[in-house]
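Undergrad: Okay, these came from Swiss-Prot:
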{"type": "DOMAIN", "residues": "114-173", "note": "domain 'CBS 1'"}
{"type": "MOD_RES", "residues": "S122", "note": "phosphoserine"}
{"type": "MOD_RES", "residues": "S160", "note": "phosphoserine"}
{"type": "DOMAIN", "residues": "179-237", "note": "domain 'CBS 2'"}
{"type": "CROSSLNK", "residues": "K195", "note": "SUMO2 cross-link"}
{"type": "CROSSLNK", "residues": "K208", "note": "SUMO2 cross-link"}
{"type": "BINDING", "residues": "D274, S275, S276, G324, M325, G326", "note": "NAD(+) binding site"}
{"type": "BINDING", "residues": "G326, G328, C331, E500, G501, G502", "note": "K(+) binding site"}
{"type": "MOD_RES", "residues": "Y400", "note": "phosphotyrosine"}
{"type": "MOD_RES", "residues": "S416", "note": "phosphoserine"}
{"type": "CROSSLNK", "residues": "K438", "note": "SUMO2 cross-link"}
{"type": "MOD_RES", "residues": "K511", "note": "N6-acetyllysine"}
Amino acid sequence: MADYLISGGTSYVPDDGLTAQQLFNCGDGLTYNDFLILPGYIDFTADQVDLTSALTKKITLKTPLVSSPMDTVTEAGMAIAMALTGGIGFIHHNCTPEFQANEVRKVKKYEQGFITDPVVLSPRDRVRDVFEAKARHGFCGIPITDTGRMGSHLVGIISSRDIDFLKEEEHDRLLGEIMTKREDLVVAPAGITLKEANEILQRSKKGKLPIVNENDELVAIIARTDLKKNRDYPLASKDAKKQLLCGAAIGTHEDDKYRLDLLSQAGVDVVVLDSSQGNSIFQINMIKYIKEKYPSIQVIGGNVVTAAQAKNLIDAGVDALRVGMGSGSICITQEVLACGRPQATAVYKVSEYARRFGVPVIADGGIQNVGHIAKALALGASTVMMGSLLAATTEAPGEYFFSDGIRLKKYRGMGSLDAMDKHLSSQNRYFSEADKIKVAQGVSGAVQDKGSIHKFVPYLIAGIQHSCQDIGAKSLTQVRAMMYSGELKFEKRTSSAQVEGGVHSLHSYEKRLF
């Protein structure tokens, strides 16, 4: 910090605060509320802060935010919203393998560059087939080829405008009678770049642009809606095919290999091995199996809270580590099993070890506010996984209900008896599938409505950027570098200091965050 002194009157600056090493090597287990980060020098605006972070060895996100694979947090709607806002969502596995794979497929199909496997119909199909496709896939701009398959002669396209006002008795009409014919279509030649194709699509004012080869056979299609999504969501997390990134959770049992096969077919980018205690022979064997059979899929191991746990998973070949045990708002593992670790200490200790091997860390659990996110990232985590913070958003699974005039959504731990009763996957996560008596490691509850992810996540992003600005770092990479070098200083908080740091001495107040 002394490098940034601008007053010329004195050069003496007393040593102030503790380094991360001093703070966490005292033997105490610390949570995020037990310390603060001391401010630095500001010479830039908050919007200049770069939040780019590594999720795994090969996947980088523009924002360090991840949604937890819980059945009251992440299904396709949440995963799409998280990816559009720069993060990623992990589809839970407290469901059938087919349902989970279909949720992944929804995310991957939501936005694409060149769509090489679109829904295709033939002129002999009927209007009702279009409505069925629309109900199943959410769209009805469907190319028509002579055989109803990709790679055959393009003869037309069917859009919502062609069928909007058809009466129910007309649903048996052949598509060849009502489709927009080939001679009225705007098409682009195979080999065109995505940028050039998008320019043609813009000029044409059409909803879809078929891509055809020299024989007028359909080879791909691009959609106008994807152009609008590119404009509206510049931070979106995408793969090489311009599809949204999507993760999914799996277990470590033999039948999870079938689940993995379906997820791979659906296009999943990364899987997290979902276990409350990841340092097991079952997880080590599963990591090796995935890396051998599906080397392109990134694997996140966990959960771990010590360097010794992390070592075994790193040696097995994980691409990232998930850190946290018993720190979640609905988790009672520490209380029931007497195992776990305060989250701030766990994040620092595992991150400090894993960085030597280039393995990113995901801080999972204990996040109550945007300040906790900033602290987790400052302690070495590359990304932060959130459950309760994202529960009860519009995109979270479940229906809203009212209690005492407050709009709520259900939220439960995957170790709760409620979740274990729903599907075997929750029992597997806690090694309880063979137990006659279940030991709950989580609870069920309710969380107040937070509105849409598209408003809430931008608030979190702005909060992290302002935190980095106060620290004096223009990127999260710089924050971590300052922490490991000892330049970033911390200070422990007494219980009185924590009270002082919150709202106090008011008769009444309204706490609006965004």
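The backbone N, Cα and C atoms fix where each Cβ goes, glycine too.
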Undergrad: Could you tally the C-beta atoms, other than its own, that fall within 10 angstroms of the C-beta of G326 (NAD(+) binding site)?
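TA: Here the count is 26.
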Undergrad: Can you tell me the CA-to-CA distance separating G324 (NAD(+) binding site) and E500 (K(+) binding site), as a whole number of Å?
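TA: Distance (Cα to Cα, whole Å): 28 Å.
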Undergrad: Going by DSSP assignments with H, G and I as helix and E and B as strand, what are the residue counts for the domain 'CBS 1' (114-173)?
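TA: Split into helix, strand and coil, the domain 'CBS 1' (114-173) gives 18 helix, 13 strand, 29 coil.
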Undergrad: Taking every protein chain shown into account, which of the binding-site residues M325, C331 has the largest tally of Cβ atoms within 10 Å of its Cβ?
TA: M325
Undergrad: Averaged over the domain 'CBS 1' (114-173), what pLDDT does the predicted model reach?
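TA: Within the domain 'CBS 1' (114-173), the model's average pLDDT equals 84.
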Undergrad: Validating a neighbour-count step here. Other CB atoms within 10 A of the CB of E500 (K(+) binding site): how many?
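TA: The answer is 11.
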Undergrad: Looking only at DSSP and grouping its letters into three states, which state does G501 (K(+) binding site) belong to?
TA: coil
Undergrad: What count of other C-beta atoms do you get within 10 angstroms of the C-beta of G324 (NAD(+) binding site), across all chains shown?
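TA: That number is 28.
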Undergrad: Looking at the binding-site residues G328, G501, G502, which sits with the largest number of other Cβ atoms within 10 Å of its Cβ?
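TA: For the binding-site residues G328, G501, G502, the Cβ with the most other Cβ atoms within 10 Å is G328.
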Undergrad: Look up K195 (SUMO2 cross-link) in the DSSP assignment and reduce it to helix, strand or coil.
TA: helix
Undergrad: What is the interatomic distance between the Cα atoms of S122 (phosphoserine) and D274 (NAD(+) binding site), given in whole Å?
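TA: Spelling it out, the Cα of S122 (phosphoserine) and the Cα of D274 (NAD(+) binding site) are 43 Å apart.
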Undergrad: Counting other Cβ atoms within 10 Å of each residue's Cβ, which of the recorded positions S122, S160, S275, S276 comes out lowest?
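TA: Least crowded of the recorded positions S122, S160, S275, S276, by Cβ count within 10 Å, is S160.
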Undergrad: At the Cα level, what's the spacing in Å between D274 (NAD(+) binding site) and Y400 (phosphotyrosine), rounded?
TA: 27
Undergrad: Check each residue in the chain of the residue listed as 'N6-acetyllysine' that is at least six apart in sequence and keep those whose C-beta is under 8 Å from its C-beta; list them in sequence order.
TA: V503
